[in-house]
Each structure stands twice: as C-alpha cells, then as structure tokens.
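Q: Straight out of Swiss-Prot:
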type	residues	note
TRANSMEM	33-53	transmembrane segment
TRANSMEM	77-98	transmembrane segment
BINDING	H83, H182	heme b b562 binding site
BINDING	H97, H196	heme b b566 binding site
TRANSMEM	113-133	transmembrane segment
TRANSMEM	178-198	transmembrane segment
BINDING	H201	ubiquinone binding site
TRANSMEM	226-246	transmembrane segment
TRANSMEM	288-308	transmembrane segment
TRANSMEM	320-340	transmembrane segment
TRANSMEM	347-367	transmembrane segment
Amino acid sequence: MTNIRKTHPLMKIVNNAFIDLPAPSNISSWWNFGSLLGICLVLQILTGLFLAMHYTADTATAFSSVTHICRDVNYGWIIRYMHANGASMFFICLFMHVGRGLYYGSYTFLETWNVGVILLFATMATAFMGYCLPWGQMSFWGATVITNLLSAIPYIGTNLVEWIWGGFSVDKATLTRFFAFHFILPFIIAALAMVHLLFLHETGSNSPTGISSDADGIPFRPYYTIKDILGALLLIMGLMLLVLFSPDLLGDPDNYTPANPLNTPPHIKPEWYFLFAYAILRSIPNKLGGVLALVLSILILSLYTLIHTSKQRSMMFRPISQCLFWILVADLLTLTWIGGQPVEHPYIIIGQLASILYFTLILVLMPVASTIGNNLLKW
C-alpha cells in the first residue's frame, strides 16, 4: 500500500517540500538560515498576537499599555522582550541568508531571488512600523523623520506624507494605521515566503560549489531536518540569552520616555538593523539624493543577476571576489557603526567614504574581479 503522505492531497505538498525533497549532499550550515527565518516569523506572529491582545493603538494610552503588558500581564515582560529581540534575531538571520546568497551565487535563481528582495523590503517595513508602536520618544521621532523622507519626491511628496500621516503631523491616525499594517504584513510575508519556496523547489537548492547537484541528491528528511533542529535550538538559545540577561541591549533608552512632539531627542536613530541604510541616507547632503541612495542600497540586490560576469556561479573558487565580498561585509559593519554616531567630524567623512565604497564594490569592483578571474583561467 502506498504511504498516505504520498497520496493525500495536502500531505503530498508537505512531503514534496520537507520530506522526500531531493537536496544537495554538500550544503553547509549557511543553508540553515532559511528554516531559521521561518521559525523567527512564526515566533514573531505568535508573540505579536499575544501583545496585540493587550496593546491599545491610541496616542493617549499606547505607551502605558506597553508598560501594563510588562508589569501586570502574566509573563507579559517575556512576550514583549521576545518580540522585540526576536526582530533582531530575524534580521541577523536575514543578513546571513542574503550574504550566503551573494557568496554562493544563489541570485542566479532569478524568481526566487527577486521574491526574496521583496520579502526583505516587506520585513523592513514591518519592523519600522513595529518600532513606532510603543509610542516612546524614538518611536515618535523615528516615524516623523522616516515618513518625512517621502516629501523629497517631486510634486506629490508633501501630499503623500500628509496622506500617510492622516493629518498634518504624526498623530493618532498614524499610530492606528501603523498598527493595522504591522498586524497584517507578517501574514503577507508568510504568503510571500511560500511563493519563495515554490520558486526554489522548481529549480532545487544551490550548493557551495555552485554546480548542479541533480546527480547527487539526498532526501531532506532525516538529514536536513535534524540539521535544521540543531540550528533552531541554537537560535532559541541565543534569543533567550538575550531576552533573559540583557533584554534592552539592542534597544534605545530614549524609547522609555513617552513621546513628546515638543522635545526632540539629541540623536534620532533607528534600530541597529537599519543603521547601515540610515548612514547611506545621511551621507548625501541632498534630501532626494539621500532617499534614492537609501532605496538603492537594498534594491541593488536585484541588480546582482545583471552584473554577474563570472563564468563560475559560486565564489568558492574565486579568491579575488572572496576578498571583495569580505571587504563589503566590513564596509557594511562600518556603515552600521557610523549610523549610530552623531553627525559630526570625523563620522561624516567616514560615512561618505563607506557609502561610496559600498556602491563601487557592487557595481564596479566585483564585476571587474569576476572578469579578471575568467581571464586568469583563460575562459
């Protein structure tokens, strides 16, 4: 008799995606981050659901409702900190996942990669709106500064900003709609993640060598299910260490002060995972130029498929490209550091140089290095 998992319409889908899926036999731990992102998403939706039961999206009570969650709700403090630090873990996994895709040439799976870029944008939008909800000083001023960037768009900018605000400033209407969007977007992200997987399973996974592994596939279960469980345990352990020992390590002390439109914090900055893009935005003196650079810093990922000049897919056997990749990683870390610093000398010039290097590496140096690699191998 045929196994039910192979015949039942619903179980057949699960079977083909997670059990009998042929996977390359040589994929390393860098391939764990996809499943970890799935776990992060489920965790964020669950903790967020319980937070939404006690949160009120109103400027008068939002801050005190978050305080109430932490003080009066049973285990509310752990749910709140798991949600806040879960976002940080989410972005750590996202950056690792994207980095692995760049290093091993996964961007040649065009549809999978572009859905991934859309997922990144959606996750960034969700995180930004979530940061605005506690209605502390940094929530309010972060919302004001970032939404105000849209006013740089010619002709329609000012109208667009007021339309998003629901008035002439960030107020009750803004908070209410941000809560609505913050609630719905994770479900859209979950749907997009399914599309992402659908496209991935059309081609099969990439491997460290970048060579087709059709001739050497192994079943996903038990080999990679066990590997994913190990990754999940390490992720949860890391998250709980953060939540239980230093829950406010990655937050901003200013957000423990209720929002006050009459008092601007001395240094407005977003959460740590947006600092690299924020540094690129600030490094350009022109408002519209800064906004374009900010969007391009992420959108440039979808250009990778067009500027891949190497005859090899992966960077595994391309030492020059490897060097440039790790310089790019160092550059992003530098930008992250600069984004958290005040706008003064020498941080301004460091930020500008790091921003120029970021775009030069991706658009010029990496394609040139790939071409040199081809010539050295007489391809």
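Any Cβ shown, glycine's included, is placed from N, Cα and C.
Situate these features within the shown structure.
A: Packing against the transmembrane segment (77-98) from elsewhere in the chain are residues 30, 33-34, 36-37, 40-41, 43-44, 47-48, 50-51, 66, 69-71, 116, 120, 123, 127, 130, 235, 238-239, 242-243, 247, 250-251, 271-273, 301: each is 6 or more residues past its ends and has a CB under 8 Å from a CB in it.
Cβ neighbour count for H182 (heme b b562 binding site) (all protein chains, 10 Å cutoff from its Cβ): 21.
If you draw a 10 Å sphere around the CB of H97 (heme b b566 binding site), it holds 20 other CB atoms from the protein chains shown. In this structure, H97 (heme b b566 binding site) is part of a helix by DSSP.
Residues 48, 55, 57, 62, 66, 87, 90-91, 94, 98, 101, 106-107, 139-140, 142-143, 146, 174-175, 178-179, 181-182, 185-186, 188-189, 192-193, 195-196, 199, 270-271, 273-274, 298-299, 301-302, 304-305 of the same chain sit 6 or more residues outside the transmembrane segment (113-133) yet have a Cβ under 8 Å from a Cβ within it.
Counting residues 6+ beyond its ends, the transmembrane segment (178-198) has Cβ neighbours under 8 Å at 17, 37-38, 41, 44-45, 48, 52, 55, 57, 112, 115-116, 118-119, 122-123, 125-126, 129-130, 132-133, 143 in the same chain.
A simple way to gauge crowding: the CB of H201 (ubiquinone binding site) has 14 other CB atoms within 10 angstroms, across all the protein chains here.
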Q: Can you tell me which recorded stretch out of 33-53, 226-246, 288-308, 320-340 has the most Cβ pairs within less than 8 Å of the transmembrane segment (347-367)?
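A: It is 320-340 that shares the most Cβ pairs under 8 Å with the transmembrane segment (347-367).
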Q: So which residues does the transmembrane segment (288-308) touch in its own chain, when a touch means Cβ under 8 Å and the partner is 6 or more beyond its ends?
A: 98, 102, 105, 107-108, 110, 113-114, 117, 120-121, 124, 149-150, 152-154, 276-278, 280-282, 355, 358-359, 362-363, 366-367, 370
Q: Just to confirm: which same-chain residues, 6+ apart in sequence, have a Cβ under 8 Å from the Cβ of H83 (heme b b562 binding site)?
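A: Q44, T47, G48, L51 - these are the non-local Cβ neighbours of H83 (heme b b562 binding site), listed in sequence order.
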Q: If you run the three-state DSSP split on H182 (heme b b562 binding site), which class comes out?
A: helix
Q: Same chain only, sequence gap of 6 or more: which residues have a CB within under 8 Å of the CB of H196 (heme b b566 binding site)?
A: T112, V115, G116, L119
Q: Quick one: pull the CA-CA distance for H182 (heme b b562 binding site) versus H201 (ubiquinone binding site), whole Å only.
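A: A Cα-Cα distance of 29 Å.
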Q: Measuring Cα to Cα, how far is H97 (heme b b566 binding site) from H201 (ubiquinone binding site) in Å?
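A: H97 (heme b b566 binding site) to H201 (ubiquinone binding site), Cα-Cα distance: 17 Å.
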